[in-house]
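This report concerns only the one structure given below.
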Amino acid sequence: MMLLVLSISAILQVSHSVSFCLLPIVPGPCTQYVIRYAFQPSISACRRFTFGGCEGNDNNFMTRRDCEHYCEELL
């Protein structure tokens with residue numbers, strides 16, 4: 001029973017830790033236009049996009065390396 005509880009807990013932690021990687025890529029309405037990276041599930045990779053500087057979400061990384069690090073379980 002304890003093993004089952006630990007297994008379920010581990011699965012929930014993993015899925016919660018990468019859930020932001022599954023959020024849509026949101027450029028935002030502002031016009032700062034900075035290069036950012038986001039995980040794109042349809043291609044299972046991090047891709048570059050232009051972020052406007054406001055109203056984005058947590059699927060928004062300053063570098064490809066950061067994106068790949070945080071979303072590596074989905075690659």
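Placed from the backbone N, Cα and C atoms, the Cβ positions cover glycine too.
Because the structure is a prediction, the values reported are computed rather than measured.
Some features that Swiss-Prot has for this protein:
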- Cys21-Cys71: disulfide bond (DISULFID)
- Cys30-Cys54: disulfide bond (DISULFID)
- Cys46-Cys67: disulfide bond (DISULFID)
- 21-71: domain 'BPTI/Kunitz inhibitor' (DOMAIN)
- 1-17: signal peptide (SIGNAL)
Alpha-carbon distance [Cys21 (disulfide bond); Cys54 (disulfide bond)] in Å: 18
Secondary structure content of the domain 'BPTI/Kunitz inhibitor' (21-71), with strand meaning DSSP E or B: 12 helix, 15 strand, 24 coil
Alpha-carbon spacing, Cys46 (disulfide bond) to Cys71 (disulfide bond), which is rounded to whole Å: 8
For Cys54 (disulfide bond), the number of other Cβ atoms found within 10 Å of its own Cβ: 10
Alpha-carbon spacing, Cys67 (disulfide bond) to Cys21 (disulfide bond), which is rounded to whole Å: 8
Rounded distance in angstrom between the Cα atoms of Cys30 (disulfide bond) and Cys21 (disulfide bond): 22
Sparsest-packed of the listed disulfide-bonded residues (Cys30, Cys67) - C-beta count within 10 angstroms: Cys30
Fewest Cβ neighbours within 10 Å, where candidates are the disulfide-bonded residues Cys21, Cys71: Cys21
Other C-beta atoms that fall within 10 angstroms of the C-beta of Cys46 (disulfide bond): 25
